[in-house]
Amino acid sequence: MVRTVFVFVSLLAALVAAVPHPFVVHEAINGAPEGFVHAGTPSPDTELTFRIGLVQNNIAGLQEKLLVISDPASATYGQWMSTEEIVEFTKPSAATDAAVKEWLAENGLTAATTSIAGDWLSITTTVGKANTLFNTKFQSFAHPETGKSFIRTLAYSIPASLQGAVEVVHPTVTFPNPLGGVPRLTASIGKRELNALEKKDLERRAIPASCATTITPACIQAIYGVPTTKATSSTVKLGVSGFIDQFAQTADLKSFLTKFRTDISSSTTFALQTLDGGSNPQGRNDAGIEANLDIEYTIGIATGVPVTFISVGENTKDGDLGGFLDIINFIQGEAAASRPQVLTTSYGQNENTVTRAMANSLCNAYSTLGAAGVSILFASGDGGVAGSQTSSCSASFLPTFPSGCPFMTSVGATQGTSPETAASFSSGGFSNFFAQPSYQSAQVKSYLTALGSTNAGKFNTSGRGFPDVAAQGVNFQIVDGGQTGGVDGTSCASPTFAAIISLVNDRLIAAGKPVLGFLNPFLYSSAGTAALTDITTGDNPGCGTNGFPAKAGWDPVTGLGTPNFAKLLTAVGL
């Protein structure tokens, strides 16, 4: 098996070396990611769809402005940008657009524009023609653990004349995450006897004793001081991303509210949007653990906030990114009044399965939505320092993606109540692609100083640290397919934190203030950190180590800590 891959890599290296002068290698990787093996050559007639990202006019300028308008110390804080302003920064130049489309036309291809700024094009062609177009040799790669296979290459080229015009072509050298999926079902957790101090602490904070082991909306309300009163703004909105045929069930939501939110109408439901052929069938066998979890806890916590389930189908235009880019372009293309101000996503993959160019392109897309005033939250992953889900690792820890992107908010997980401690599965660490943003540099430096030589050489000390924050993530009670059970994961934490941010947004809108938008500069500010409860115990083991320890201040297990609703209101001047 290893020999086969080595031979293929050698042949590909020779192919790249023989590329005619007018072409240059645009992206290349040393080999398929861990878990994939070379599985032969696909038929030249096999059809492939590619997304071509064009170099944007001034994305650096947009991101500089974003960091200013999301900084509470700035005079322009909260002055989110209009779609027209964002497009001026992100559209490609006329020369760039014309050059790329001319190249495609010369090869008999017509590109479809798939983004409002015109910076993403889509083409459909065959393997044989793609080999010629990109001067490469696409191959089949199998993932034995899941039985899935994919067509990819280890390097591709573009005409030298298009350097500076083409940002990325996908899917080419970026591999999917076959293990990405739903949160883990948990067996019933035995309820240990609480000691006297724990009982007294729970009584003082009016937290039901059951919340020490089992989480319901009432527990989140008690632990984080979340109000049960309804939101009053008619414009506040919360979006929930749905992928991989995970469907949210109205019958399960009704049962969930009947059982766990008896103070609100059990007929409360969610709106539906679809893209890429998405749907939301309501048969009992269509129930999805992840989708139900996300919908039940956003609606169950963000009382009265309109929630939209955005179902992304399998007809994606961004390859095996599975619609991650499509959903951002979809929301960016909506009218501002229709756009959710908060978007929570409970999916992700290991950073090493994505190329730097693709990761950068998707991260840029997040920055455009942040500039529009949307808070983008992602679950950090469930594999500790071993990635998005528990993976085998070699010498280094596996950061997750998109948590390494500095223009979104990564949410880790905690458990327990007296006090809260890090959930051992909570993914966290340091990106190998993205540098530490200025808003977190002081906190990260402080952590690394306290960490000393622990795990030396296993992570990038200059990388963007994640997660940013955390919330409860163990034994959340959900209704799925008519059955009540428990689930674990940072997939529980992200919708929880998103729901709380939506309730803060509701108060801001009622006070005539702008919504929170891109959260991180606020969260890392002195006011933001004061509104979070620091988690100082626990760790996130993996890769044969204990992982990172939670410590005072920010740490790569629970970030800055968990939310306190009353303090968040104070932090935003309410």
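Each residue, glycine too, has its Cβ placed from N, Cα and C.
TrEMBL: automatically predicted annotations, no manual curation.
Annotated features, as they stand in TrEMBL:
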- Glu290: active site, charge relay system (ACT_SITE)
- Asp294: active site, charge relay system (ACT_SITE)
- Ser491: active site, charge relay system (ACT_SITE)
- Asp534, Ile535, Gly553, Asp555: Ca(2+) binding site (BINDING)
- 214-574: domain 'Peptidase S53' (DOMAIN)
- 1-18: signal peptide (SIGNAL)
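Listed in chain order, the extra residues whose Cβ falls within 8 Å of the Cβ center of the Ca(2+) site residues Asp534, Ile535, Gly553, Asp555 are Thr536, Ala550, Lys551, Ala552, Trp554, Thr558, Gly559, Leu560, Gly561. All protein chains considered, the CB of Asp534 (Ca(2+) binding site) has 18 other CB atoms within 10 Å. Ser491 (active site, charge relay system) is 23 Å away from Gly553 (Ca(2+) binding site) when you measure Cα to Cα. On the backbone, the CA of Ser491 (active site, charge relay system) and the CA of Asp534 (Ca(2+) binding site) stand 20 Å apart.
On a Cα basis, Ile535 (Ca(2+) binding site) lies 26 Å away from Glu290 (active site, charge relay system). Between Asp555 (Ca(2+) binding site) and Asp294 (active site, charge relay system), the C-alpha separation comes to 25 Å. Between the C-alpha atoms of Asp294 (active site, charge relay system) and Ile535 (Ca(2+) binding site), the distance comes to 24 Å. The Cβ of Ile535 (Ca(2+) binding site) has Thr414, Pro419, Glu420, Thr421, Ala422, Ala470, Ala550, Asp555, Val557, Thr558, Gly561, Thr562 as same-chain neighbours under 8 Å, each 6 or more residues away in sequence.
Counting neighbouring Cβ atoms within 10 Å of each of the active-site residues (Glu290, Asp294), the lowest count belongs to Glu290. Model confidence over the domain 'Peptidase S53' (214-574) stands at 94, taken as the mean pLDDT rounded to a whole number. In this view, Asp555 (Ca(2+) binding site) is surrounded by 31 other Cβ atoms within 10 Å of its Cβ, with every protein chain counted.
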